[in-house]
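Single-structure report; data block below.
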Amino acid sequence: MTEVDDGCGGRLRGSVLLEDECDLKQECETPTHSLVQGRDPPVVVVWRNVVLMSVLHTAAVYGLVLLPSASAYTLLAFCFVSSALGITAGAHRLWSHRSYKASLPLRIFLAVANSMGFQNDIYEWARDHRVHHKYSETDADPHNASRGFFFAHIGWLLVKKHPKVIENGQKLELSDLKNDRVVMFQRRFYKHSVVVMCFLIPAMLPWFLWAESLWVGYFVPVLLRYALVLNATWLVNSAAHMWGNQPYDVNINPRENRFVTFSAIGEGFHNYHHTFPYDYATSEFGCRLNLTTCFINLMCVLGLAKDCRRVPTELVMARVKRTGDGSHRSG
């Protein structure tokens, strides 16, 4: 079995996975052609979501207008990064892919940060993401990019899920999530945690610490920040499935997109990620333009994370030569 140093004080297993990891890997990597496409059912618009998203983005534009008068820029950045890490390091890399192990304090922090991000609870987010990987670009993909940019970006949230998304989501093995006390606690109290973490605390802190008006505090660190994090995440589903190069596998839609990488703190190395979904860094290049990987590495140094799973360089290069588009550049 090939082992390399993981940079987290342990040994990585390369592409060789333990039995329970093989089950998760299979859930994420079944070929998409195994799903037979049929006639699309009628699209049912969820008008409540249309109204809420319209109001949110209108309020975010107003937040931009108020931005010059705001004093809590540091808090705005902190809330953006914190809520983004709750998605990227938490719901995505830890709970969807189990690409590293986190201690209880770190899992609690990531669950709290995930509630600040307000993109469905961890259980639902991870379930839908596993379906996305297993049936990417098919009717069972929640944000199927073959239906166009708008649908992949935000449209999928404005209509009822395709029946195949629900059907195939119910078939997944999710016992690891069900057995995680932090995940299930957050799911049970999700609405309460969102009210506190996404809306109350980011609005109240500027008022309490910097005498910022509650009006500015609500529209800038709350609504503007929330809309920015949402769109950064959505760009991974839309732009990173449409524009960019494919140095690792030209046979799949996901691309390497630098703008998305910067916006989503490291999630834009998407061709690599869909080729090697169990790699904790989601990139061949470690911390480069990858704040999430830097955060996980720091947690390893502090003893709060371990067993980061990484793909050996020789396997990456073999895949580049076999299925890449020729655009790969080392280093």
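Note that Cβ sites are derived from N, Cα and C of the backbone, with glycine treated the same way.
Annotation comment: Swiss-Prot describes 1-46, 91-189, 236-331 as topological domain 'Cytoplasmic', evidence class similarity to another entry. Taken from Swiss-Prot, the feature transmembrane segment applies to 47-67, 72-90, 190-209, 214-235, supported by similarity to another entry. As annotated by Swiss-Prot, substrate binding site applies to N49, N120, R127, D128, K161, W234, with the evidence given as similarity to another entry. Taken from Swiss-Prot, the feature topological domain 'Lumenal' covers 68-71, 210-213, and the record attributes it to similarity to another entry. Taken from Swiss-Prot, the feature Fe cation 1 binding site covers H92, H97, H129, H133, H273. What Swiss-Prot lists as motif 'Histidine box-1' is 92-97, and the listing cites similarity to another entry. Summarising the annotation, Swiss-Prot assigns motif 'Histidine box-2' to 129-133. Feature annotation from Swiss-Prot assigns Fe cation 2 binding site to H132, H241, H270, H274; the stated evidence is similarity to another entry. The motif 'Histidine box-3' annotation in Swiss-Prot covers 270-274 and is backed by similarity to another entry.
Taking all protein chains in view, 20 other C-beta atoms sit within 10 angstroms of the C-beta of D128 (substrate binding site). Apart from the site residues H132, H241, H270, H274, the chain places the Cβ of H133, S136, A145, V236, N237, A240, I252, N253, P254, H273 no farther than 8 Å from the centroid of the site's Cβ atoms, the recorded Fe cation 2 location. In this structure the alpha carbons, written CA, of D128 (substrate binding site) and H273 (Fe cation 1 binding site) are 16 Å apart. Most buried of the binding-site residues H97, H129, K161, H270, judged by other Cβ atoms within 10 Å, is H270. A simple Cβ count within 10 Å picks out one of the binding-site residues H92, H133, H241, H274 as the most packed, and that one is H241. Within its own chain, the topological domain 'Lumenal' (210-213) is flanked in space by residues 70-72, 75, which lie at least six positions past its ends and keep a Cβ under 8 Å from the stretch. Secondary structure at H92 (Fe cation 1 binding site), as computed by DSSP, is helix.
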